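Just below is one structure, and these are the notes that go with it.
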Amino acid sequence: MSLLIKNGLVIDPQNHTEAVMDLLIDGGVIKKAEPEIVAPDAEVYDASGKVVAPGLVDLHVHFREPGLEYKEDITSGSHAAAKGGVTTVVCMPNTKPVVDNAALVKYVINRGKEVGLINVLTAGCISKGQKGAELSEIGELAAAGAVAVSDDGRPVVSSSLMRKALEYAKMFDIPVFSHSEDLELVDNGSMNEGYMSTVLGLRGIPKAAESVAVSRDVLIAKQVGGRLHVCHVSTRDSIEAIRAAKKCGVHVTAETAPHYFTLTDRACDGFNTNAKMNPPLRDEDDIAAVIEGLQDGTIDAIATDHAPHHRDEKELEFEQASNGIVGLETSLGLGVTYLVKTGKLTLCQLIEKMSTVPAQIIGFDRGTLGIGKIADIVVFDPDATYTVDVSKFESKGKNSPYDGFQLYGRVDMTITGGKIVYRNTEY
Amino acid sequence: MKDLLGLKDVSGQEIRRILDEAFRLKKEVLEGSKKDSCLSGKSVITLFYENSTRTRLSFELASKYLGATAANIAASGSSVAKGETLIDTAKTIDRMAADIVIIRHSASGAPHLISRYTKAAVVNAGDGMHEHPTQALLDLMTMQEKKGRIEGLRVAIVGDVKHSRVARSNIYGLHKMGAEVVLAGPSTLMPADLEAMGVKTYCDVDRAVYGADVVMGLRIQLERQKKGLFPTVREYHKFFGIDERRLKLAAPDAIVMHPGPVNRGVELSADVIDGPQSVICDQVTNGVCIRMAVLKMLAER
């Protein structure tokens with residue numbers, strides 16, 4: 001079956017395309033992209049006034065399967081992704097058990113295929129059991145399809161293990177995703193250290209807890225090579241460390257999450273556990289630095305760190321509540337509203353950060369609308385607003401600080417491999 | 001006012017009303033023979049997740065002096081020890097028709113969480129490092145009583161400000177009543193961006209105490225030394241303890257306060273604790289009065 005998307009603003013950062021035209025999809029691939037395509041047999045979708053872009057690639061999600069399905073599973077996570085315009089995700093391996101062997105890598109990928117909505121990819125663990133002691137079988141993980149290795153959720157405490165991970169993973173050409181955090185400096189903190197932590201009487205996490213660890217990681221990467229990818233960057237000093245490393249030619253990439261350019265630690269006021277995440281929400285200066293980092297390319301990608309939790313894990317004393325928020329169903333809207341509508345990034349740059357570059361980081365042939373490429377596509381209306389309503393989330397997790405926010409960038413259709421996997425029926 | 005969760009959101013006018021009521025109750029109930037049974041038929045529950053002698057006893061006696069039925073839940077002997085969540089405990093208490101729940105908890109924000117799940121009025125009797133509103137109210141009452149005013153007083157609070165809910169509640173209360181607040185303590189025990197709360201901070205206690213009308217020591221938990229936040233108790237007392245020499249730097253008629261229990265010879269020297277300027281025992285008495293006033297006002301809402 002073929003699909004003809006008419007009159008959309010087709011944006012393909014990889015091919016420097018940004019023009020109103022038609023797009024013909026047939027046999028799961030992009031057949032044509034030109035004005036006034038005639039295809040009598042194709043289903044026609046009128047995308048006038050809308051953007052047609054490569055489907056989003058989210059490098060950092062927690063689908064919780066296997067083992068923690070009460071929070072999320074690959075089915076609900078895939079639906080959430082499709083609704084958010086995300087056609088490829090990289091699952092973090094901190095499941096139960098952790099994904100530190102080839103069998104589990106295959107399990108996650110196969111479950112994703114069974115569900116069949118989006119490309120569910122996974123990272124494998126850096127260390128066996130995520131214990132931070134010995135390398136896991138990174139070669140086997142890569143051969144089974146893991147696109148990265150990460151101990152995400154926990155930092156690699158040992159500098160020596162981080163060195164070995166970078167050296168070893170280099171042989172298999174997969175990046176090491178680093179959750180960079182100095183636990184001694186965290187010292188049981190539960191939110192950013194600053195005025196708000198003082199007022200709320202909550203133990204603060206200094207910015208240095210992240211920046212020190214990021215600095216360590218880029219310096220190790222400088223020494224031994226490998227492909228370092230720094231996850232969820234949130235502080236100015238981390239960004240400056242990455243910027244300096246890039247300048248010296250270190251092979252480092254970095255991602256941030258929408259919450260780090262939209263919210264400050266003031267969102268924690270009233271002990272709001274939906275504003276509790278790790279790294280914690282910072283302050284205005286860090287938001288400015290994150291945006292500068294996105295603008296000058298220091299930060300390559302926007303990933304959600306989609307972290308669904310059961311309400312019983314959030315309706316608790318702040319210090320006891322789990323870290324993390326769901327993000328798949330709000331990421332594009334937050335990007336459009338806080339980066340594009342404010343003039344910080346162009347739509348093309350936003351798509352580059354949310355699709356093209358993340359696909360390149362994991363070496364996955366997506367993130368483009370080139371002719372002959374697999375048709376993973378998002379169609380969204382950058383000027384239409386919608387109100388975030390967590391009760392309507394496809395994700396099992398309702399833990400979002402954005403409930404009630406008005407956002408631009410409504411997703412109207414998501415296509416994976418030429419198949420429509422989400423269609424907005426409310427409008 | 002449904003609950004008393006902290007002084008941050010209580011107005012100066014409301015604080016004044018509570019103080020006036022506390023003074024009246026002091027005269028009529030504690031010092032006089034007149035009975036007040038304004039809480040007759042009301043049930044007051046104290047739910048203490050942290051050890052406490054004076055605060056708990058103070059609340060318990062306050063409710064009994066006013067004729068309430070008081071019940072206590074000690075976290076160690078209850079379903080809490082069996083792993084019940086705070087919310088489930090709150091719902092359970094709610095279903096037993098409690099009118100007022102007084103909670104102390106080691107987690108900041110715990111009373112706020114409980115208040116969302118119960119119809120009862122919730123009184124924060126100290127939550128983590130966040131607030132301890134009745135302590136600050138009794139401190140204000142004591143200042144009013146001893147100095148005749150609160151407005152314009154210079155109040156020096158000295159010690160472990162970082163971990164102190166007493167300091168935070170006092171900052172709010174004192175500001176609302178027009179006093180000036182200066183804080184002092186070791187830099188490792190001062191929280192971030194403290195001055196953004198509108199206070200002056202010093203690491204030199206002499207400067208903080210200089211000219212103060214009220215000198216308030218904060219309790220230092222000796223475990224903090226084990227965590228390396230200050231080198232030794234000896235050094236702490238030398239640099240941050242209030243002794244007679246330091247007290248001389250304050251106004252000649254300055255009063256000395258402490259929320260208790262005091263580590264003698266650490267926050268305050270023995271001579272200062274037992275000296276003529278100390279009003280620590282008056283604070284205890286006023287504590288009962290403030291708690292009576294708070295319970296009465298919450299019951300009347």
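Glycine is treated like the rest: Cβ placed from N, Cα and C.
Going by TrEMBL, these are the annotated features:
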- B:2-145: domain 'Aspartate/ornithine carbamoyltransferase carbamoyl-P binding' (DOMAIN)
- B:Arg54, B:Thr55, B:Arg104, B:His132, B:Gln135, B:Gly260, B:Pro261: carbamoyl phosphate binding site (BINDING)
- B:Lys82, B:Arg165, B:Arg219: L-aspartate binding site (BINDING)
- B:151-297: domain 'Aspartate/ornithine carbamoyltransferase Asp/Orn-binding' (DOMAIN)
Report task. Could you tell me the maximum Cα-Cα distance in Å between the residues recorded as binding carbamoyl phosphate, namely B:Arg54, B:Thr55, B:Arg104, B:His132, B:Gln135, B:Gly260, B:Pro261, rounded to a whole number? Result -> 16
Query raised in the report: Listed in sequence order, which of the binding-site residues B:Arg54, B:Gln135, B:Arg165, B:Arg219, B:Pro261 sit with a CB under 8 A of chain A?
Result: B:Arg165
Report task. With H, G and I counted as helix, E and B as strand and the rest as coil, say where DSSP puts B:Arg104 (carbamoyl phosphate binding site). Result -> strand
Query raised in the report: Looking at the binding-site residues B:Arg54, B:Arg104, B:His132, B:Arg165, B:Arg219, which one has the fewest other Cβ atoms within 10 Å of its own Cβ?
Result: B:Arg54
**Report entry** Segment confidence, the domain 'Aspartate/ornithine carbamoyltransferase Asp/Orn-binding' (B:151-297), expressed as mean pLDDT
**Finding:** 96
Query - For B:Gln135 (carbamoyl phosphate binding site), the three-state class that DSSP assigns - result: helix
Query raised in the report: B:Arg219 (L-aspartate binding site) to B:Pro261 (carbamoyl phosphate binding site): how many Å between their Cα atoms?
Result: 7
Query raised in the report: Can you tell which of B:Thr55, B:Gln135 has the most other C-beta atoms within 10 Å, given these are the binding-site residues?
Result: B:Gln135
Requested in this report: Determine which residues of this chain, when B:Arg54, B:Thr55, B:Arg104, B:His132, B:Gln135, B:Gly260, B:Pro261 are set aside, have a Cβ within 8 Å of the centroid of the carbamoyl phosphate site's Cβ atoms, and list them as they appear in the sequence.
Outcome: B:Ser52, B:Ser58, B:Ala125, B:Gly126, B:Val166, B:Pro259, B:Gly287
Query raised in the report: To the nearest whole angstrom, what is the C-alpha distance linking B:Gln135 (carbamoyl phosphate binding site) and B:Arg165 (L-aspartate binding site)?
Result: 9
Report task. Determine, to the nearest whole angstrom, how far the Cα atom of B:Gly260 (carbamoyl phosphate binding site) is from the Cα atom of B:Arg165 (L-aspartate binding site). Result -> 13
Report task. Check each residue in the chain of B:Pro261 (carbamoyl phosphate binding site) that is at least six apart in sequence and keep those whose C-beta is under 8 Å from its C-beta; list them in sequence order. Result -> B:Thr53, B:Arg54, B:Arg219
Requested in this report: Please list, for the domain 'Aspartate/ornithine carbamoyltransferase carbamoyl-P binding' (B:2-145), how many residues fall into helix, strand and coil according to DSSP.
Outcome: 68 helix, 27 strand, 49 coil
Report summary line: Taking DSSP helix as H, G and I and strand as E and B, the domain 'Aspartate/ornithine carbamoyltransferase Asp/Orn-binding' (B:151-297) has 62 helix, 24 strand, 61 coil
Requested in this report: For B:Arg165 (L-aspartate binding site) and B:His132 (carbamoyl phosphate binding site), determine the Cα separation and express it in whole Å.
Outcome: 5
